[in-house]
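Here's the structure, in C-alpha cells; my notes come after.
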Amino acid sequence: MDFATTRRVRISRSARPDGELLANRLAIAVIIVLTALVAVTFRHYGATFDEAVQDDYGNYILDWYRTRGADRNAVSYLDLFYYGGLFDTVAALLNKVSPFKHYETRHLLNGVVGVLGLIGCWRLGCRLGGAVVGLLALVALALMPSWYGMMFINPKDIPFATAMVWGTLVLTQLVCELDAPRWRTVIALGLVTGIALGIRIGAILLLAYLACLLAAAALQRGAAGWLPALAALMRMTATIFVPVAIIGWAVMLVLWPYAQLDPIGNPLRTLLHFSERSADIPTLFFGAYVGSDYHPRLYLPVYLVIKLPGILVAAIAAAIAMGIWRLCGRDWRDRWLQLLPLMLAIVVPLAYVIGTGAELYDAERHFLFLLPLLAVVAALGTRELFNAAHNPLLRSGLALILVVGGMADLAEMVRLHPYEYAYFNSLVGDLAGAMEQFETEYWGAALTEAADTLSANLDPRAPAESIPVMVCGEPISLAERLPRSVRIVERASEALYYLSTTRNHCDADVAGTEVLRIEREGVPFAVVKKVAPTLAQVRDPLNPPTARD
C-alpha cells in the first residue's frame, strides 16, 4: 500500500455522510459552548503558586527585547530561563491593554489556549477516525477534569499540551503526503514544532517522532530492497525533516531568549538540566510523602488511572484490547503508519517516565499533553466497541452507559468548580477518598476564594494597612484581591488573620479559631483563622511537616 492510497483511506467507515455532517455540527456547537464558558467563568479561577513568577518572567522577556538584550533578567531569573516564554510574553503584552485584572487576563488567555487544545483534539480524532470519533474525542477531553480545570490556571502545561496535540495532528496529516509533501504541511509542522519548543524543550520529541515516522515509512519500502528504502529515507529527510527542523529551531529562537545566547548549546544544556534530578519536592502518593526525584516508577500511570473519569479509563482499555485483537488484520496492517504518530506520542513519554523514574510531582500535571491523545484513543475505543456490538439492544446499552457516565462526570465537575482538577474517580473513593492519600488542590488557587470571602467580611471603613494578615501560600498574587486595609505580614505573632492553603497541612502550623473554610465535598482546600496570641513563624507551604500535630 503506497502513501497516495493512504491519503484516501479513513480509519472510520461506519458513519454515513449525513452522520458525519451531524457530528461536525455537534462538535462546532460544543466548541461554541466551551468558548462561552471560558468567557463567563474565567474570573472564577484563583491565582496559583506559579503565576507570580511566571508573570515576572513574561515581563522580563519583554524587557529583553525592548533593551535588545541589555536587560539580562530573562536569561537569569530563577530557573525559568530554561523554559520558552511564549505564553508569558503574550500574557504580559495583553496585560498592558486588558480591561480585566492582572491574573484574570492571564486566566482568560489560558482558557482560550485550552479551547485551542480541544479543537486540536477534535481535528486529530476526525483525521484518524472520522467526524464521529472527532466529536467523541472532543467531548472526552472536555469532560476530563484535569484538562478543563487547569486550562485556566496552568501557564506551562496547557499551552505545551495544546502545541503537542496540534503537532501530532500535522504529523498524522503528513503520513498522507510522504511521497509528495505539500509545502504548507511542512511549514505548518515546522511552525507548530517551533511554538512548542518556545514553551518547553520537551517538544523536541516532535522531531524524534518525525524521524521515527520517516524511518518506518522507508522500512515499508524495504520489500523492494534496501537501496530503494535508503533512497526514500534520504529523499524524505531532505524534503521533510531538514526543513521542519530548520523552521522549528528558528521559531524557537525568536521565542526563547536563553536559546538565543547559544542556539545549539543552551537547548542541549536545558535538556540535560531536566534529565537530572535537580530538586526533591515532596509529593503525596498513597498516603505517604515521597520525593519527586525518587518516586515509584508507576507514579504517573497510577495518577492517570485515578484522575481520569472511569468511563474514559474503560474506553481506553477497550481501545487497547481491540487494537491488540485486530493488530494482525490486514485492515490495520494497511493503516498502522497513520496511527504511528499517535502511538509514539503516548508510548514514548510513558516508557521514558517508567523506565527512568524521571522527576515528577503534582500528580499528572507535567504530562497533561497526554490527555488530548488519550481522549482520541478513548474515542477510537468507543467506536470499536460499537462496531463490535452487532445487537441493536447492546448498542443502545452502550450509548446509555456513555450518556449516564458523561452526565455524572459533568455533575461532579460542576460540584468541584472552579477546582475541577481536584477530581478523583471512584477507584479511590472520589475526592473524599483521595484526601490525605493523594495530591488534591495542590495549586493553592483556593487561597483566592478565601481572600475574596475574607475581604467581603472586613470593615470597608478600616484604615489602609490596618489589618495584618499572614499567608501560607503565594501572597503576591493575592494582592489584587485583598482590600487596601490588609497588610501582608511574615510573622504569625504580628497577624490578626492567618490565610492558609491546606496543602501539606500548612493550615495546622498556626493556632487560632477557624472563621472561614473553602472546601469541596467535605475536603478543605483553604482556611482563614483568627490568630491566637502566642504563635510560631509559619513555614513554606511546599514543605510538608515531619508529623501532623
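Just so it is clear, glycine is given a Cβ too, placed from its N, Cα and C backbone atoms.
Remember, TrEMBL labels are computer predictions, not curated facts.
Record note: among 69-87, 107-125, 525-543, 107-125 is the stretch given as transmembrane segment by TrEMBL.
The stretches the transmembrane segment (393-411) and the transmembrane segment (240-259) are not in mutual contact, being linked by fewer than three Cβ pairs under 8 Å (pairs 6 or more apart in sequence). Listed stretches 21-42, 187-219, 336-355 were compared with the transmembrane segment (131-151); the greatest number of C-beta pairs under 8 angstroms is found for 21-42. Sequence-distant neighbours of the transmembrane segment (240-259) (same chain, 6+ residues past either end, Cβ-Cβ under 8 Å): 61, 64, 69, 74-75, 81-86, 89, 174, 178, 181, 186-187, 189-191, 193-195, 197-199, 206-207, 210-211, 214, 266-267, 270.
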